[in-house]
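Asks: Okay, so TrEMBL annotates it like this:
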type	residues	note
TRANSMEM	282-304	transmembrane segment
TRANSMEM	346-372	transmembrane segment
TRANSMEM	378-398	transmembrane segment
TRANSMEM	419-439	transmembrane segment
TRANSMEM	451-474	transmembrane segment
TRANSMEM	495-528	transmembrane segment
TRANSMEM	534-560	transmembrane segment
TRANSMEM	572-594	transmembrane segment
TRANSMEM	606-634	transmembrane segment
Amino acid sequence: MEYRSRSIHKSTSIMISAIVFLSLIHTSHCFYLPGVAPEDFQKGDPLKVKVNKLTSIKTQLPYSYYSLPFCPPKKIVDSAENLGEVLRGDRIENSPYVFKMREPQMCSVLCRITLDAKTAKQFKEKIDDEYRVNMILDNLPLVVPIRRLDQGSPTVYQLGYHVGLKGQYTGSKEEKIFIHNHLAFTVKYHRDPQTDSARIVGFEVKPYSIKHEYEGKWSENTRLTTCNPHSKRTVVNSNTPQEVEANKEIIFTYDVEYQESDVKWASRWDAYLLMSDDQIHWFSIVNSLMIVLFLSGMVAMIMLRTLYRDISKYNELETQEEAQEETGWKLVHGDVFRPPSNSDLLCVYVGTGIQFLGMVLVTMIFAVFGFLSPSNRGGLMTAMLLLWVFMGIFAGYASSRLYKMFKGTEWKKISLKTACLFPGIVFAIFFVLNALIWGQKSSGAVPFGTMFALVVMWFGISVPLVFVGGYIGFKKPAIEDPVKTNKIPRQIPEQAWYMNPIFSILIGGILPFGAVFIELFFILTSIWLNQFYYIFGFLFLVFIILLITCAEITIVLCYFQLLCSEDYLWWWRSYLTSGSSALYLFLYATFYFFTKLEITKLVSGMLYFGYMLVASYAFFVLTGTIGFYACFWFTRLIYSSVKID
């Protein structure tokens, strides 16, 4: 009952967060975003330290902080989370840590616990899987500073600290597991000299493992001999570590140090988001631009030279005998706009691709302007889901317009398919993956209340909007073909091996993938290695280059298909040509799994490939739609320019 009520609470907060996000878009003229405005603290003000999920790049399964027997507060209180945070597996709760602004603390005892066999096993499993503890102070994540050996290099920050570590005692070969039970926190602040108030600009920690000792029997006033501010004995190393074993007591302690900083509040995320590899991103842009220039040259040659010459030649034909000696792409003018097989399915996928394109474009524009920075946790995923829902109207419009051009009459049927096919497949995969996470008792499992909220957004908002778009699109006059279609289909000549549909489709996907694969590495790293991705300016440029590449490669291959092969079955091939880049994306994700990740558990591997399959499927729909519309525009342009007798 407790978990069910918590799920209902989550779903309620999710729906509220959706409304807040929409109001944010409406009132985006304000300078600060909700939850990201600065907070001033006077000396002695209490600071709320919150704990978040435990994460591991080895298992990819997050767990709530109190799933391990850490020191709990008197009452555990969940923080309200938005939709994106819940789907990411964030579980933000209060903690027993007591901080007071600019009042340092030394050797504060948090609690003392004695491990039994079960709790010792839990700690050992999490330490063996390299789990990290995540905390939050004033919306800043806790980081461990790592200074590089080479002088002059900036400090690198790792999110969260390890629960413990594995090591050996001196002179022993037996591996032991030790827990980090002493935390040396550093809170950096920027002080206003006029008001003497301060704003928090940094939250760092150095974890230590120490076997605390004390004299006499344990009580609340017991002083530790291993960490005592009165005798000026502090913890500075882990030379006498605390081993994790059953029936052993562990005393959790912490220090709090305050450092004044010149960093202003507006720049406090700069250190977290330090980009030391910007040259690689510029290389990615240059690499992509080279591909675009190459393809643009080919398209320009086709459009300005070959096509201009062909069109001029065709239009100069005077006699019927000359007209009958048609060559090249004009031969198939009577079949080129013949509706394809499975035209309904093509309409559905084109509509879904338009929905994706709108979602990605608007999301990136918001991200470039800073609305979806990492400081706004869960904002990116929340925005994408809400935009997907509201872009349904464009999906319905695009699919019904194309459907009517194919002489379709049942617009309601095509709208229903558009609203349900892609989301239904993704939801089914997501449901299976969520069941696997449930089986592992991970906090990454989406609660029932959130699932219900997603279904309500789908059937309550997205589906009706798709029908509205479908109705509007179907009421529009049908798109007329520039040339008439013959009643009897023309026979397609036997094709050379290099013009085989499968071969040309696979070749067509290489260049769009080549335009994005460098940036793809950083995106996968941010998702699976728990790092920040924030360079949306680079990503936006790469995305625009991807759109151009998809369009141009499809036009080039479509022209050769019509000219050399006299093959008029271009509808599906144009979609699959650029869409095949999704196959290379999935193959690269497989390569990344085996070369960069250390995932060993079967469930974790299934999660990785399940989510990457969904991502590749979405990439297929997006790129395929771009290629289709580019080819659609190209064929209509060239055949409308020729006089057909």
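Quick reminder: no glycine exception, Cβ is built from N, Cα and C everywhere.
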Asks: Looking at the transmembrane segment (572-594) and the transmembrane segment (378-398), are there 3+ C-beta pairs under 8 A, with each pair at least 6 apart in sequence?
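Replies: Counting Cβ pairs under 8 Å (6 or more apart in sequence), the transmembrane segment (572-594) does not reach the transmembrane segment (378-398), since there are fewer than 3.
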Asks: Mind checking which residues of the chain, 6+ beyond the ends of the transmembrane segment (419-439), have their Cβ under 8 Å from one of its Cβ atoms?
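Replies: For the transmembrane segment (419-439), the far contacts come to 61, 348-349, 352, 392, 395-396, 445-446, 451, 454, 458, 462-463, 466-467, 603, 606-607, 610-611, 613-614, 617-618, 621.
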Asks: Do any residues of this chain, six or more beyond the ends of the transmembrane segment (451-474), have a C-beta under 8 angstroms from a C-beta of it, and if so which?
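Replies: Distant contacts of the transmembrane segment (451-474): 11, 14-15, 18, 83, 351, 385-386, 388-390, 392-401, 403-404, 411-412, 414-416, 418-420, 423, 427, 434.
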Asks: Is the transmembrane segment (606-634) in contact with the transmembrane segment (346-372), using at least 3 Cβ pairs under 8 Å (sequence separation of 6 or more) as the test?
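Replies: Contact between the transmembrane segment (346-372) and the transmembrane segment (606-634): present.
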